[in-house]
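Some notes on the structure that comes next.
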Amino acid sequence: MARFFQPKKKLQPESKHQQVLVEKLDHQGAGIAYLNKKPLFIDGTLPGEEVVTQLTESKSKFARGKLIKLLKPAAERVEPFCSHFNQCGGCDMQHMDYQAQLAYKQRTLLQLMKKFSGSEILLSPPVTGLEKAYRRRARVSLMWDKKSRQLQFGFRRKQSKQIENVTQCPVLVAELECLLPELKAILSHFHHPEHLGHVELVAADNGAVITLRHTGPLLDEDVAKLRQCAEQHQATLYLMPASDQLERISGEAPYYQEIGFKVPFEPNNFIQVNQKVNQQMVVQALEWLDPQSSDRVLDLFCGLGNFSLPIASKAKSVTGVEGVDDMVQKAALNASLNQINNAQFFHANLEQDFVGQPWASEKFDKILLDPARAGASGIIEQVSALGAKRVVYVSCNPATLARDSQSLLEQGYRLTKLGMLDMFPYTSHLESMALFEK
């Protein structure tokens, strides 16, 4: 049989090891080195570090690498406090000193604002809370592994559908973290674990809340065990057989207190993850907005009334507008519960022109907006038409804040205050607040 020559396969670029110097961090917290003048992004590295990296992706304008060996650590490097760090997709900056994280996030905010809006301003002091045990809500992923016949119970890995099994989480508040091992043990013995979707955990002011999302029927005896667990921990238990269905099995309806106001909510409603930072954020928003007894204030993306209720105690009137009708109804109920009669709430698509809406026919003295990560591009150009002299923009994405600020500046507003809100310590995620004035 003839034998043909076959050259050895060349080593693919993706598998080569390279020694590089990390020069800075990108806006997602990844280290940036340069390889042949091309930026190389390496998760888990810090500026000033010499590392060995394995290329995992190589494009024409950038490359990505995996940290193989740390040759020279940065002074800001610390030992991660969670054994699941690097696997769990939650925290991505536990290897960095906390004060260094704050400085990095503030630099990121300033850089983005300057890049997109051209604005340069001194930052206000950052709003911070607890470094650990700060999360009052979390979603635990569940998946039944048919091969191993084990229930996967934990958090999604970074950029993956795989589950990192956990029974502890140091950034969860203690009353939620202590539930993890017991919930895993109970759910692992359900008769139909393939019907389990996820568990939503929330720490309300009147106790923990456990919500089980399931996609098929559950046996009464299984639900009884879960109910017993909830009652032992003085927690409220909900079942969620569909995304729009909630059934309270035991316990009280949850609520939280916000600077003197009681805010009831359901476990599938959005509330801020970090209670201490949220409280300070509301106080700062009130200080910057400075509502007077003669002011008509507009609260866009008002949710349950996190800002509307406190503003109403100081302003002549508050108009809250939200894109989710269920939240609008709950905000109105929350105002009534707190005996607030100068607030009204409306449902509207805040991605479209709203100036013609009846609630927008009145002029407003001041505006607060707190959009989702996508920002407020659909409505930001309409702000000046409402007549407000002062606008407070609360943002969970500095890139969209910077983008939207361009429009506000073009409408004649000036950026007079800017500050970072550290809602998620030990992650690269940052929130911010900006004040615009005419």
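Glycine is no exception: its Cβ is also placed from the backbone N, Cα and C atoms.
What Swiss-Prot lists as domain 'TRAM' is 11-69.
A coil conformation is recorded for Cys82 ([4Fe-4S] cluster binding site) in the three-state DSSP classification, outside any helix or strand. Sequence-distant neighbours of Cys82 ([4Fe-4S] cluster binding site) (same chain, 6+ residues apart, CB-CB distance under 8 A): Cys88, Cys91, Gln94, Gln168, Cys169, Pro170, Val171. For Cys82, Cys88, Cys91, Cys169, the entry in Swiss-Prot reads [4Fe-4S] cluster binding site.
Annotated S-adenosyl-L-methionine binding site per Swiss-Prot: Gln272, Phe301, Asn306, Glu322, Asn349, Asp370, in sequence order, evidence recorded as sequence analysis. In three-state terms derived from DSSP, Phe301 (S-adenosyl-L-methionine binding site) belongs to neither a helical nor a strand segment and is classed as coil.
The active site, nucleophile feature in Swiss-Prot is assigned to Cys396; the stated evidence is sequence analysis. In the three-state DSSP reading, Cys396 (active site, nucleophile) counts as coil.
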Problem - Mean predicted confidence [pLDDT] for the domain 'TRAM' (11-69) - result: 91
Handout entry: Asn306 (S-adenosyl-L-methionine binding site) to Cys396 (active site, nucleophile) - Cα separation in whole Å
Key = 15
Exercise for the section: Write down the Cα-Cα distance for Cys396 (active site, nucleophile) and Asp370 (S-adenosyl-L-methionine binding site), rounded and given in Å. Expected result: 8
Exercise for the section: Take the Cβ of Cys91 ([4Fe-4S] cluster binding site) and count every other Cβ within 10 Å, whichever protein chain it belongs to. Expected result: 22
